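Q: Mind having a look at this structure? Questions to follow.
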């Protein structure tokens, strides 16, 4: 579990969490009530308004507060959260059969794939909904809404390579102001029509379903907009800790959101014409443009959190062996977690731009929003149930009760969003399928390559014995041969010995392994085995969120070897993969996809941060 924090530190972390964790869910009031009543043409009666407010309130209580903040946040993996950390906890401790393990692993990575679909929609719908407020005061500005939103989003993606450390310290104070304004505006609205407070009672939600039946169920597809971003509270737990996030949620964010939603409901009862944009019309006329500016800043911050999350998840799947190596650049000299991945950044930028141009408005985008989020909710619940039963040793009855409650809610929201698939919900699902296909294809391809290399390789022990029996010429210095097969001789080493007839004075066979934990302690980073004849087998272990730096790891080697980088040469193998026309364990199209990804993967030299002038690359053809 996360360590307790001092009071001053907790306050600082709470302010930081405001600027990162709560951006997505905190900007939902911009469009939720508008979509519920405008998008579904729901009559603005008192019963309907109270019913919707009750649904939103209890969704915030049951899904966000109970499920995520109080229950799932107990499942920290060495202090880290998120669906992959949750998956690693289940995989690491549950005594599962191979097929069950494969199903659970697939569920976890499907959840990660769905996140990327959500990562495209969140910036688009958030920024669009913010700048659409300009139309209220000046309808003539309508033609400029799309260009302005695109300009803001393109600018946001363009500055990613420089990092956000310099402006990141402003995120917390801006979001503090945002939530304070949400609360004040909501309170003003409630004062005009305090009857809306009756919606705190769940009876109004129940009566709404009884009155509207199937139509009431379908409106859950818009109500879910109020809880998008719930998973971020768990995913960002490692950055801020459980206590600051819980205190900020219950003490500030949740009250501000509830009061604002209820204020919008009161406004709709008093002025039905406000349905065109109840959020902005809740503010006084003089405050419209300042509110647009503040909302735009808040949505940019929310989008930044999603983009940073996409970088983080990408690094995790790469280091877990489910995606090809990508160029990962660090944008901060002090914060290892602040990274920039050019390929992901510009892929997201292109996707977001296409969404804005294709859907044209936040109302149209709302149809695409929700399906990926609710599917992730359901996957989280399944993994949580396994964790509760196996890792937490809870009895069958409490596990079933909790799983039934959460899964009923998740599937209800998912079902209501499923009907929106033809209207736009297909988009995040297509993105998720593409990403999931890439992940499983890369994993399977690497397994096939590993098997082929093992077949062609030579076991380490006989190789070292052959050096003793037939010693080759030796030259000074250290040669490091990287390999994925911990028990075999690297092909680069065999090729070097075959063609050059010499070995370096000291030979290091280096195997990099990634564990199912976020971080590996420094004392467990290296394992060194002396094989004799100047040959060492070194295993370097990393967690899926560790900063990978091979020269740094070798410099800290506890084996009595002083690594002089100017006296060390790294020998890397680059396989030229040839698809085997479906005979290698994958369909032909997957073989070609894998070969394409392998050709375009970042060089090991770049990924492992090895100086280019110390690298020799040797190629080899390999049929997959």
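Keep in mind that glycine also has a Cβ here, set from the backbone N, Cα and C atoms.
Remember, it's a predicted structure, so these values are computed and weren't measured experimentally.
Grabbed the feature section from Swiss-Prot, which reads as follows:
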- 13-33: transmembrane segment (TRANSMEM)
- 52-72: transmembrane segment (TRANSMEM)
- 102-122: transmembrane segment (TRANSMEM)
- 139-159: transmembrane segment (TRANSMEM)
- 170-190: transmembrane segment (TRANSMEM)
- 208-228: transmembrane segment (TRANSMEM)
- 249-269: transmembrane segment (TRANSMEM)
- 291-311: transmembrane segment (TRANSMEM)
- 339-359: transmembrane segment (TRANSMEM)
- 368-388: transmembrane segment (TRANSMEM)
- 399-419: transmembrane segment (TRANSMEM)
- 421-441: transmembrane segment (TRANSMEM)
Q: How about the transmembrane segment (170-190) and the transmembrane segment (249-269): at least 3 CB pairs under 8 Å, pairs 6 or more apart in sequence, or not?
A: yes
Q: Per the 3+ Cβ pairs under 8 Å rule, pairs at least 6 apart in sequence, do the transmembrane segment (52-72) and the transmembrane segment (208-228) touch?
A: yes
Q: When each of 139-159, 208-228, 339-359, 368-388 is checked against the transmembrane segment (399-419) for Cβ pairs under 8 Å, which one has the most?
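A: Result: 368-388.
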Q: Count, for each of 102-122, 139-159, 249-269, 291-311, the Cβ pairs lying under 8 Å from the transmembrane segment (368-388), and report the range with the highest count.
A: 102-122
Q: For the transmembrane segment (291-311) and the transmembrane segment (208-228), decide whether they are in contact, meaning at least 3 CB pairs lie under 8 A, counting pairs 6 or more apart in sequence.
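A: Contact absent: fewer than 3 Cβ pairs fall under 8 Å.
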Q: So which residues does the transmembrane segment (421-441) touch in its own chain, when a touch means Cβ under 8 Å and the partner is 6 or more beyond its ends?
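A: Contacts with the transmembrane segment (421-441): 106, 109-110, 112-114, 116-118, 120-121, 317, 322-323, 351, 355, 359, 364-365, 367-372, 375, 586, 590, 593-594, 597.
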